[in-house]
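Chemist: The domain 'Transglutaminase-like' feature in TrEMBL is assigned to 262-353. Sequence annotations record features per position, and here TrEMBL assigns active site to Cys270, His327, Asp350. Sequence annotations record features per position, and here TrEMBL assigns Ca(2+) binding site to Asn390, Asp392, Glu439, Glu444. The region 'Disordered' annotation in TrEMBL covers 404-469. What TrEMBL lists as compositional bias 'Polar residues' is 405-425.
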Amino acid sequence: MSNTENNRAHRTEEIDRKRLIVRRGQAFSLTVHLFHPLQSGHELALVLKQGKQLKASMQRWSHIIELRELKSLTSCWSGDKWWLHQQSARNELLLTVYSPARAAVGEYRLAVELMSGNRLLERTEFTKMYLLFNPWCKDDAVYFPDERLLEEYIMNENGRIFRGSADYMSGMPWNFGQFEDNVMDICFEILDRFKPARSDPPNYMRQRWDPVYISRAVVAMVNANDDGGVLVGKWQEPYTGGVQPTKWMSSVPILEKWSKSKSGVKYGQCWVFAAVACTVLRCLGIPTRCITNFESAHDTDGNLSIDRVYNIHRENYDHADSIWNFHCWIESYMQREDLPEGYGGWQVLDPTPQERSSGMFRCGPCPLKAIKEGDLNVKFDVPFVFAEVNADIINWEIRPDGQRKQLSSSSAKVGRNISTKSPYSNEREDITHQYKYQEGSAKEREVYNKAGRRISGPDGEEESKPGAV
């Protein structure tokens, strides 16, 4: 089978028809020509070298898989080992290769060896192969149960991002371009330039199978605040030395410019950060969509309220907390093997640099269920996202003796019209109900009060309390 046929079967032909690009957990075929005819007692082995040499000290991972005869395999392989199935005719072999649904994503080099006892008879030249996540495979952690929706969340290169205000929303077109030339290579470059990839390559490569780890790496790398990431943020003029954020209409020129310059591209704001992260994760094979939260809160002290503090003359006294007209992030779909059962599904991820999470500017993945139910001790960054969509606004007066008096409060102004593009059209789909119970309902107040009680409880092992930037 040719690379074109393999790629078509793996839904990667839009990326490239010449290179072998396949999805894990799904069989692909190789035709191998040998100089030595196969004889009884010969043994075949598939040699895989995983990883790319980033610097002189980078380790290369190799796995040798001996030939096993398998009689009843399906196209989606649930095993945890690589396997081969062989059909031969004279000196030509048709090999069906089965990769584990938990194999590390990235670039591989593979070759086939023909052995006779301990003697190597011949080895084919190493050829490159690229392995992606597979949301069509039930055993992959990013499996998406409704295959029709993957036409939007993986395959659609053109999207719509909503901006404006809760009362005057508008959608802007965006070209994600996840299948454009060189984009896949740039996505792998982003993973390779993540700091742990350079500081501890073996440990990093062991985690390249995990969509939780990979998505967390991507949102850290999309902003340039740590380790030379993709985009430099700027929220006010002048935009000298770069592009005004409103001028961008596609992720592709941003990614290409970053790859060529090896430095942060100027400039981005929340929807640009979100769109670029969406491109990278869709390209890697993780179902992803862009989200807009109108009247989005930024709670800097982690108390789940936006505190507006005034002096006795009603002059603003404290500007630490804030509310944005809108804020954009992404959601990616994955199982959460690191959490108790029930927290899989859509996860909030935010590459806009607002707060640090485990030492880096990033947010998530944060389960939608944890946000809606006020489960603040769940990884990652649930208190911060909960406040973005459901914080109370409290007005305070600071008296001359330093005492604070509450003037008023509102529980229904934050987190309005939470929106994403409909998978069936360019229209807006309102998903506010996925983030919280109806404002004004007893259940919404019950969840908010439960969340407030958990603020003083222990965090998840890797979760950090929000702090001011």
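Placed from the backbone N, Cα and C atoms, the Cβ positions cover glycine too.
Because TrEMBL annotations are produced automatically, they should be read as predictions rather than curated entries.
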Chemist: Rounded to a whole number, how many Å is the Cα of Asp392 (Ca(2+) binding site) away from the Cα of Asp350 (active site)?
Modeler: 22
Chemist: Quick one: Cα separation, His327 (active site) versus Asn390 (Ca(2+) binding site), in Å?
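Modeler: The separation of the Cα atoms works out to 14 Å.
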Chemist: Can you give me the same-chain residues 6 or more apart in sequence from Asn390 (Ca(2+) binding site) with a CB-CB distance under 8 Å?
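Modeler: Result: Leu304, Ile371, Val414, Gly415, Tyr435, Lys436, Glu444, Val447, Tyr448, Ala451.
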Chemist: Tell me, what is the mean pLDDT of the domain 'Transglutaminase-like' (262-353)?
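Modeler: Summing pLDDT over the domain 'Transglutaminase-like' (262-353) and dividing by its length gives 92.
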Chemist: Determine the Cβ neighbour count for Asp350 (active site): the number of other Cβ atoms within 10 Å of its Cβ.
Modeler: 31
Chemist: Work out how many Å separate Glu439 (Ca(2+) binding site) and Asp350 (active site) at their Cα atoms, rounded off.
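Modeler: On Cα coordinates alone, these residues lie 24 Å apart.
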Chemist: Within 8 Å of the Cβ centre of Asn390, Asp392, Glu439, Glu444, which other residues of the chain have their Cβ, at the recorded Ca(2+) site?
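Modeler: Counting only non-site residues, the set is Ala391, Ser411, Ala412, Val414, Gly415, Lys436, Arg445, Tyr448.
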Chemist: State the Cα to Cα distance, in Å, between Cys270 (active site) and Asp350 (active site), rounded to an integer.
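Modeler: Each residue's Cα considered, Cys270 (active site) and Asp350 (active site) end up 9 Å apart.
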Chemist: Let me know how many other Cβ atoms fall within 10 Å of the Cβ of Glu439 (Ca(2+) binding site).
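Modeler: Taking every protein chain into account, the count is 15.
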